[in-house]
Amino acid sequence: KSSKREWKPLEDHSCTDVPWLLLFILFCVGMGFICGFSIATGAAARLLSGYDSYGNICGQKNVKVEGIVNSGLDLTQKKYVFFLDPCNIDLVHQKIKSIALCVSACPRKELKTLADIQKFAETNGSTLCSYELQPSEYTTDPRAAKLCPKYPVPESAPIPFFHRCAPVNISCYAKFAEALITFVSDSSVLHRLISGVMTSKEIIMGLCLLSLVLSMILMVIIRYISRVLVWILTILVILGSLGGTGVLWWLYAKQRISAGALESQIAKDNLQALLIYAIAATVFTVIMFLIVLIMRKRVALTIALFHVAGKVFIHLPLLVFQPFWTFFVLILFWTYWITVLLFLGTTGSPVPNEEGFVEFRMTGPLKYMWWYHVVGLIWISEFILACQQMTVAGAVVTYYFTREKRNLPFTPILASVNRLVCYHLGTVAKGSFIITLVKIPRMILMYIHTQLKGKENACARCMLKACICCLWCLEKCLTYLNQNAYTATAINSTNFCTSAKDAFVILVENALRVAAINTVGDFMLFLGKVLIVCSTGLAGVMLLNYQRDYTVWVLPLIIVCLFAFLVAHCFLSIYEMVVDVLFLCFAIDTKYNDGSPGREFYMDKVLMEFVENSRKSMKEAGRGGGAESRELKPM
């Protein structure tokens with residue numbers, strides 16, 4: 001029935017999926033309850049002001065904890081947390097395995113002996129040994145070996161807003177990070193990698209900024225030269241790949257010739273890294289060239305699609321800034337979520353542990369608040385991303401189904417946001433919850449696979465990976481269907497299930513067209529991402545080449561390329577979203593309109609030509625199969 005009923009784009013607006021909106025609001029209230037509970041139980045004070053190993057909060061008067069000595073102290077003058085052995089990190093429980101004390105000042109210079117610690121206490125009034133020792137007993141009492149900090153005491157400074165004394169030189173933390181990297185056999189490798197990142201931090205920041213600028217330039221090019229963009233991208237990617245590969249082999253040959261004069265390990269590491277990069281670039285270039293060769297006939301068809309999408313960005317320039325707003329809102333929510341997570345880490349009742357110190361633990365049903373908080377992270381994050389999809393869909397639908405573009409709203413983006421807030425938040429909440437239901441089992445299976453790594457047999461490992469892969473595929477399919485459901489909701493103002501069913505019917509009826517657009521269009525957008533990554537990576541190679549004698553550039557180059565891909569993906573994903581929305585609007589338009597009076601088409605002629613040419617191309621490739629013949633409907 002839904003496939004036969006008339007669609008009435010933008011004519012009716014009604015609230016959709018209101019029960020799901022109420023459920024989402026109740027869930028958010030629960031998230032707020034967790035935050036309020038953690039603050040009310042003193043977790044915020046313990047997190048911000050810090051607390052010692054005896055349950056005392058620094059900078060205030062405290063209540064006595066039964067069975068714990070040195071608890072209930074007045075520490076009004078001692079506002080900073082100091083760890084006797086700050087580099088003793090427990091990697092399993094992710095915490096510093098050391099006695100913590102409240103002190104009045106952090107040691108601003110290295111203290112090498114107990115006499116220096118005693119002098120520091122007498123000069124600054126900050127006692128770095130346990131509370132039961134007086135400064136005069138530091139050098140005479142035999143208990144000082146256990147109750148005083150491990151020396152030499154590193155120079156430290158208070159962390160802003162969190163009142164913890166942290167070592168200025170973080171090299172001791174880097175040593176423990178080596179245990180997390182199983183493939184490093186020589187401990188000096190990690191130190192060289194870290195030093196390479198620190199030495200090249202200005203170059204890394206500059207290259208990250210370059211990737212952002214290149215992404216914005218690419219969006220501008222898409223708007224104004226969409227007709228020739230496809231061929232420009234194809235040629236630039238081929239030339240860039242060939243040029244980058246040639247430069248890598250040239251640098252490798254140049255350093256290989258002077259290998260006899262290379263004595264430092266850093267230079268040898270760079271030579272090996274260059275060889276790996278050159279081989280990988282060669283393989284990538286060959287594969288890319290073959291793909292372009294195979295798809296050369298379909299590349300020309302994409303020009304029309306990019307032309308129509310370029311028109312959308314000309315009329316809706318604010319679409320370019322959607323990734324910024326979404327990223328900004330996500331950062332705000334993630335900051336809140338991490339803050340509450342830290343609150344939960346210090347929430348609970350004081351309980352003595354086996355070492356005689358105090359730990360804060362939650363008991364009863366409250367200990368399951370962690371799971372609620374984790375589900376909230378996934379659901380609300382997906383909700384924010386779904387709001388972006390609905391906003392973009394609503395704006396593009398308004399553009400497509402407005403016959404006279406002069407009659408478009410002043411800001412279609414803000415009009416779409418207004419419709420989203422007034423009518424469709426429930427639909428967005430339901431769609432994001434469905435994605436959450438798939439993500440949670442996949443994350444649980446991934447966690448189990450990580451914990452059982454090396455312990456399970458081959459059959460169990462294969463089954464786990466198969467389940468994870470199936471859930472990942474299901475998540476991608478549901479995400480694509482959700483996006484089209486949001487478009488159907490923006491068009492006809494129907495609830496999520498009805499919209500998803502209508503969109504699914506339309507997509508199935510146009511399966512070949514969907515395949516053509518998704519293969520050709522997505523491939524060209526992928527080439528745009530490759531262009532930005534290759535350009536940024538090539539600039540990084542040329543800049544880091546000047547530091548090859550004293551900097552390992554493996555990690556800096558990987559960081560820069562990953563950031564460039566992330567930025568390019570954020571920008572071009574909006575373009576991909578616009579293309580998908582345009583196609584669904586076109587499919588609905590051709591299904592329910594035939595060009596006769598009263599049923600005129602809404603679509604741009606160029607878009608119709610593109611889809612029809614795509615259908616003809618795929619029909620020739622399939623040599624006139626039955627599925628193609630069913631696509632031939634009179635319009």
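Cβ atoms are placed via backbone N, Cα and C, with glycine included.
So that you can see what the record holds, here are the features copied from TrEMBL:
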TRANSMEM  20-45  transmembrane segment
TRANSMEM  203-222  transmembrane segment
TRANSMEM  228-253  transmembrane segment
TRANSMEM  274-294  transmembrane segment
TRANSMEM  300-320  transmembrane segment
TRANSMEM  327-348  transmembrane segment
TRANSMEM  368-401  transmembrane segment
TRANSMEM  523-544  transmembrane segment
TRANSMEM  550-572  transmembrane segment
Selected stretch (most C-beta pairs under 8 A with the transmembrane segment (228-253)) from 203-222, 274-294, 327-348: 274-294
Segment proximity, the transmembrane segment (327-348) to the transmembrane segment (368-401), 3 or more C-beta pairs under 8 Å: yes
State the residues, same chain only, that lie 6 or more residues beyond the ends of the transmembrane segment (274-294) and have a CB under 8 A from a CB inside it; answer 'none' if no residue qualifies. 234, 237-238, 241-242, 244-245, 248-249, 251-252, 255, 523, 530, 541, 557
Of the listed stretches (20-45, 203-222, 327-348), which one yields the highest count of Cβ-Cβ distances below 8 Å with the transmembrane segment (523-544)? 203-222
Restricting to the same chain and to residues at least six past its boundaries, which positions have a Cβ under 8 Å from a Cβ of the transmembrane segment (203-222)? 197, 229, 232, 306, 309-310, 313, 320, 528, 531-533, 535-536, 539-540, 543-544, 547, 556, 559-560, 563-564, 567-568, 570-572, 575
Same-chain residue ranges lying at least 6 outside the transmembrane segment (327-348) that approach it to Cβ under 8 Å: 31, 34-35, 37-39, 41-44, 46-47, 51, 360-363, 366, 369-370, 373, 376-377, 380-381, 384-385, 570
